Amino acid sequence: TNRGINPTTSTDPNPTPTPTPTATPAPTSTATPAPTSTPTPVPTATPAPDAPAVSRWTAPTGVRVGTAATLDGTTSTGDGTLTCTWSFEDATGATVWETATGCKITKTFSIAETKYVRLTVVDADGDTNASLKSFAVDAAATPSPTPTATPSPTPTATPSPTPTATPSPTPTATPSPTATPTPPATLAPADLVASYGFDEASGTSVLDDSGKSNAGSISGGAARVSTGKHGQAIRFDGVNDQVVVKDSASLDLTTAMTLEAWVKPSALGSTWRTAVLKENGNGLAYALYANDDRGKAVGYAHTSLDYDATGSALALNAWTHIAVTYDGSTLRYFVNGVQAGSRALSGTMATGTGALKLGGNDVWGEWFKGDVDDVRVWRKPLTAAQIAADMNVDA
């Protein structure tokens, strides 16, 4: 029995109409937008590294007055096409006599003298590099004289009946040949026993430009850099890098020497820094240091003991030319071609089978940190003027 209102029949005399339910509208579906595709990025090409411009050429030998010489700089490298300019200068580089363009040229010289020639290369990126070298122009060869024939005498007929004496012929003097002059010193003079410019393209071999076959070998990972004083240089890490040159008779100096190098140290302090050193057992025969434990550049020669000539303190991260000479009576140290110190010394320097080392040594270490260029070893003492001129020439 239902209690209250029947859902279909009402007993109320005034029934309240049942409200008609309002239809609930069906929900309108919202379209889900299609996902937007994200474009795949196009990789950007990595540009090739910029190759530095490097000026490379070999000075000619056997050049004579009136004979064409070839100057070949086609082994120079850089990005794109290279522009080559040759400058013919004085020994100091202060005066340029003339210039020529082209990476390979021929030149005829009219004066017998030493020529100083700089090759400047510019690549397509505008990078510039130059190298200066010197070479000798010798006097023109004197031709052998052509001998003058001695004429045979013409006999005189003897008339008959009185005989006429036949005169003896007068001989024609044969001229003596003209002596050929001795040519001046060539690019690799006899007194230069080692010369290193570090301009090799690659590899661990270091060429000797002196003509004495004292080539070296890179040890410890030292690397060539294009930012040398002249062309390329070699960079030492100050830990274990060095160049090793095997002993030879030409490197055994006794009563005369000159050691030269351009150095650009990146660290000095109170640490010994080797530029050039000839080992002698547990010591040295001769040495050129960029720094010692007092913070000064110094040179050494071992006669009865190790004797030094002290220079001045060098600047960091800047190129400085250093040299030490010995003439049998005085040991001298030079900085940028100017004498900075000396010591009276006599006697013969020690000789032995030890190697010549650049940038360090195996006796005490004494590792150089920074760049070194144009190392030269002479078996004669150069003067201050000669050092000042030679320091501007690429090894």
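The backbone N, Cα and C atoms fix where each Cβ goes, and this holds for glycine too.
Database features, via TrEMBL:
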- 1-13: compositional bias 'Low complexity' (COMPBIAS)
- 1-60: region 'Disordered' (REGION)
- 14-24: compositional bias 'Pro residues' (COMPBIAS)
- 25-35: compositional bias 'Low complexity' (COMPBIAS)
- 36-50: compositional bias 'Pro residues' (COMPBIAS)
- 139-188: region 'Disordered' (REGION)
- 144-186: compositional bias 'Pro residues' (COMPBIAS)
- 255-385: domain 'LamG-like jellyroll fold' (DOMAIN)
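Within the model, the domain 'LamG-like jellyroll fold' (255-385) shows a mean pLDDT value of 96, rounded to a whole number. Assigned with DSSP, the residues of the domain 'LamG-like jellyroll fold' (255-385) fall into helix, strand and coil as follows: 2 helix, 71 strand, 58 coil.
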